[in-house]
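Taking it in order: structure first as structure tokens, then the write-up.
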Amino acid sequence: MINAWAQIEHTLRDNLNPGLFKVWIKPLAAEQAGDSLRLVAPNAFVASWVRDRLMNEIEKAAASVLGSVPTITVVSGEEPAAAPRPVQVPAQKRPAAARTSGAEQMGLPLHYASRSADSIKWMHSFDEFVVGPSNQMAFAASQDICQQSFRSDTLFLSSDPGLGKTHLLHAVGQQLCNISNRTLPRVEYLTAEEFATRLICALKAKEVDRFKARYRDVDVLLLEDVHFLQGKQRMQDEVLSTVKALQSRGAKVLFSSSFAPKDLNDLDSQLTSRFCSGLLAVIEKPTFETRKQILREKARLHHVQLPEQVADLLADNIRADVRQIESCLRNLLLKARLLNQQITMDMAWEIIGHYAKREAVLDIDAIVRQICSGFDISKEQLQSRSRRRELVIARNTAFFLARKHTDLSLEEIGKRFNRKHSTVIKGIANIEREMNKETPLGRQVVNAVNMVERNGRIIHP
């Protein structure tokens, strides 16, 4: 007999919008009372919202798993309840793994209890960050903001995707929680999109005051991907008010973005001013020596000593970003382990063949050509004013690749596609966001990017 709620969750994950699932279904825990299914929400607000808006979807999912619709109730975890018992289904129906405990479900909607250092899963630390000329300033600033002697209350980290912004924000959060003399350090970490989603939920539920209290009564606010706020005036107003309130109390605010403040458009001038009011640290692409050191450190974490020649080869050929460097290394280590062989230069060359080689360059013409081929559209359609969904996705993917692989400025990229540079920024932000989602569209975008990067490179003599 195995837990059925995980299988019901899996069905709901497939049927619901990813954001809806993450905010409202994922926090629920299941209990069995006879033939009834009891869902426990983190608080009364979530329980009420799920009852009013998602009960039909839950009943359909339960019926598809159990064969019939059980009696389903949704209650608040703040109410007294009997000891829970797992919901059971026959063992031949094998669901996905069960959800983690409530303590591990960070960032629940409008769950305002103070959070301890253990309630946020910090994935990275300063000790694991490889420092080089390209990121030295950002690393030092991130460390210093954890100290009382740091004179600024704001830090803005800017870089292309995959160069370490998230790593540093996690490291700051972990460090502050570790050195805090509080039992429950008040730290909030979320993306600008998550902030906006929770604000919308609070507005609909008339819980704005509680929302404000949550984010204005912290010691540190770590807000990622603030370029998402472009063109969203209501969200900008709330972020601005939150930042003002935090700074007036001496709290610290860290922002990250794929764009520098000067490149952000459709943004309130006061908010831009707040972004620029503290220290701005830009992370550039890592140098050869930094890339090599990253490879050594990551190999060490896997208890592998990387041969010097192999490290040189990988560092010299994989230059796009740190994520790609780490991915290449993981594939190399996995291949050696599966084949039960030593890591060799030949094996490394085979793995590099799936990534960008040093002499292979992806220029704007190749990007346009491959995008048109992959999306089955003409160059004229790609550069047209049409807002058809598939054309917008293709165009935004081209923006993303042009910024990643060429030296063209945002304005120059825009001119190539008859667009303003503000449109280019929004398009790139949308693609980055979709690539981080486990959705059909997200997978389509990732596949398109990989296809262009694999097929579109031209070899220079």
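In case you wondered, yes, glycine gets a Cβ from its N, Cα and C as well.
Counting every protein chain shown, the number of other Cβ atoms lying within 10 Å of the Cβ of Thr166 (ATP binding site) is 19. Feature annotation from Swiss-Prot assigns ATP binding site to Gly162, Gly164, Lys165, Thr166.
Looking just at the region 'Domain I, interacts with DnaA modulators' (1-68), the mean pLDDT is 80. According to Swiss-Prot, the region 'Domain I, interacts with DnaA modulators' annotation covers 1-68.
Residues or ranges marked as region 'Domain II' in Swiss-Prot (evidence: sequence analysis): 68-118.
Annotation comment: Swiss-Prot describes 119-336 as region 'Domain III, AAA+ region'.
Annotation source Swiss-Prot lists region 'Domain IV, binds dsDNA' at 337-461, citing sequence analysis.
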Residues near Gly164 (ATP binding site) in space but at least six apart in sequence (CB under 8 A): Phe129, Asn135, Ala138, Ile283, Val322
Cβ contacts of Gly162 (ATP binding site) (under 8 Å, same chain, 6 or more positions away): Ala320, Asp321, Val322, Arg323, Gln324
Residues flanking the ATP site, with Cβ no more than 8 Å from the Cβ centroid of Gly162, Gly164, Lys165, Thr166 and excluding those residues themselves: Ser159, Pro161, Leu163, His167, Leu168, Ser256, Ile283, Val322, Arg323
Chain-internal residues, separated by at least six, CB under 8 A from Lys165 (ATP binding site): Leu157, Ser158, Ser159, Glu224, Ser256, Ser257, Ile283
